[in-house]
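Right, one structure below, let's go through it.
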Amino acid sequence: MSNQTEFPNLHILDHPLIQHKLTHMRKVDTSTKTFRQLLREIALLMGYEITRELPVSFEEIETPICKMNAPIIQGRKLAVVPILRAGLGMADGLIELMPSARIGHIGMYRDPKTHLPVEYLVKLPEVEGRTFILVDPMLATGNSAVAAIDVLNKHGVQDKDIRFMALVAAPEGVRVFQEAHPDVQVYTAGLDEKLNEKAYIVPGLGDAGDRLFGTR
Ligand code: URA
């Protein structure tokens, strides 16, 4: 895992398996089926890293040999929240890793003219004592990510209890995000070069939602 000094809250997950899978996702001729499968697999691998600091409690269990106090993660205390719709593809991998986690949804689309996020659905689990992992494959302008964190804040979730996971990020988006929510740690598989005039990440991988669901 590497860290950019300009972005102290950004963690780049540069594990070779993650990077290899991301390369295949970026290819223009990768099929919807493969894209979907790779996104799930990368999310699972990223989930392994971002859950490294989760607190564990101890439970007395019995092995075939003896009793012991063994560590467990309180799965009920986690929430995975995809930003719809592309976030759903990443949520799948995380839920496979943490099957007891609660699942929230934040529905947001990007206005094609203003590029600003428009919220259309918010459904969240009980927030008390819970860590929230917010997921969206593309951290582009940063506007949707900031708006989604604002939504979580409005529902009582503090920034320190949120982690944001994006497959690919643009420097412009990371900057916007960091200024708005400096206490939220951001995890990504790739920090790309820039945004283009249509606010797509360059080199990026195109429209993540369309590639995931086979739409256009
Ligand atoms: N959303 C996407 O799906 N792709 C981008 O490059 C930017 C935003």
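Glycine residues also receive a Cβ, built from the backbone N, Cα and C atoms like all the rest.
Keep in mind that TrEMBL annotations are predicted by a computer and have not been checked by a curator.
According to TrEMBL, the features are:
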DOMAIN    13-215  domain 'Phosphoribosyltransferase'
BINDING   Arg85, Arg110, Asp136, Pro137, Met138, Leu139, Ala140, Thr141, Gly142, Asn143, Ser144, Asp207  5-phospho-alpha-D-ribose 1-diphosphate binding site
BINDING   Ile201, Gly206, Asp207, Ala208  uracil binding site
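The highest number of surrounding Cβ atoms within 10 Å, among the binding-site residues Gly142, Gly206, is found at Gly142. For Arg85 (5-phospho-alpha-D-ribose 1-diphosphate binding site), the count of additional Cβ atoms within 10 Å of its Cβ stands at 18 [all protein chains shown].
When Cα-Cα distances from Arg85 (5-phospho-alpha-D-ribose 1-diphosphate binding site) are compared across the binding-site residues Ile201, Gly206, Asp207, Ala208, the shortest belongs to Ala208. In the vicinity of ligand 1, defined as a Cβ distance under 6 Å, the following of the binding-site residues Met138, Ala140, Gly142, Ile201, Asp207, Ala208 are placed: Met138, Ala140, Ile201, Asp207, Ala208. Closest by Cα distance to Ala140 (5-phospho-alpha-D-ribose 1-diphosphate binding site), from the binding-site residues Ile201, Gly206, Asp207, Ala208, is Ile201. Closest in space to Asp136 (5-phospho-alpha-D-ribose 1-diphosphate binding site), of the binding-site residues given as Ile201, Gly206, Asp207, Ala208, is Ala208, taking the CA atom of each residue. Shown in sequence order, Pro137, Met138, Tyr200, Gly204, Leu205, Gly209, Asp210, Arg211 are the same-chain residues outside Ile201, Gly206, Asp207, Ala208 whose Cβ sits within 8 Å of the Cβ centre of the uracil site. Nearest by CA distance to Ala208 (uracil binding site), out of the binding-site residues Met138, Gly142, Ser144, is Met138. Among the binding-site residues listed here, namely Met138, Gly142, Ser144, Met138 has its C-alpha nearest to that of Gly206 (uracil binding site). Put simply, Ser144 (5-phospho-alpha-D-ribose 1-diphosphate binding site) is 15 Å from Asp207 (uracil binding site) when counted between their Cα atoms. On a Cα basis, Met138 (5-phospho-alpha-D-ribose 1-diphosphate binding site) lies 8 Å away from Ile201 (uracil binding site).
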